[in-house]
Structures are given as C-alpha cells and as structure tokens.
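K.L.:
One structure is given below, represented as structure tokens, and several questions about it will come after.
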Amino acid sequence: MKIFFFIFAALILLAQIFQARTAIHRALICKRMEGHCEAECLTFEVKIGGCRAELAPFCCKNRKKH
C-alpha cells in the first residue's frame, strides 16, 4: 500500500515538471517573436500567442505603425 502512494506522488511531481518545461519553452518562443509575457496586453499592444504561465498568460507585442 505504501508503494502505491509513492508512485502516485512521483507521477504528480513528474506532471508538474513537464508543465514547467512547456511554460519555459513558450516564453522562449515569445521572446524570439520579439514579444514579452504579461498578464494583460496594453491597448497599444497586440496578442501574438500565449505564454501559458499562471501569472503571465499572454504574449504581447507592440503594434507596428504603417
């Protein structure tokens, strides 16, 4: 019975590690697109994707003036 709880706890930890890795990867993609991760984009910015982090879900970039 103890081994069941140990395996269950290990699976929960692994799930959290993979989520963190994905969030870091998305933040790097946002940086490559010359954006930044924010909780909300400002009025003069456009949403170009998602960072999927808890505190900064949006990838924002300044609008280009034509």
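Cβ atoms are placed via backbone N, Cα and C, with glycine included.
The disulfide bond annotation in Swiss-Prot covers CYS37-CYS51, CYS41-CYS60 and rests on similarity to another entry. What Swiss-Prot lists as signal peptide is 1-22.
Tell me about the surroundings of these features in the structure.
P.N.:
Under the DSSP three-state reduction, CYS37 (disulfide bond) is assigned to strand.
Long-range neighbours of CYS60 (disulfide bond) (same chain, six or more residues apart, CB within less than 8 Å of its CB): GLY35, HIS36, CYS37, GLU38, CYS41, LEU42, GLU45, VAL46, LYS47, ILE48. In the three-state DSSP classification, CYS60 (disulfide bond) falls within a strand.
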K.L.:
Provide the number of Cβ atoms within 10 Å of the Cβ of CYS41 (disulfide bond), excluding the reference atom itself.
P.N.:
17
K.L.:
Using the structure shown, find which entry in CYS37, CYS51 (the disulfide-bonded residues) has the sparsest Cβ neighbourhood within 10 Å.
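P.N.:
Each of the disulfide-bonded residues CYS37, CYS51 was scored; lowest Cβ tally within 10 Å is CYS37.
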K.L.:
State the three-class DSSP label for CYS51 (disulfide bond), counting H, G and I as helix, E and B as strand, and everything else as coil.
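P.N.:
DSSP assigns CYS51 (disulfide bond) to coil.
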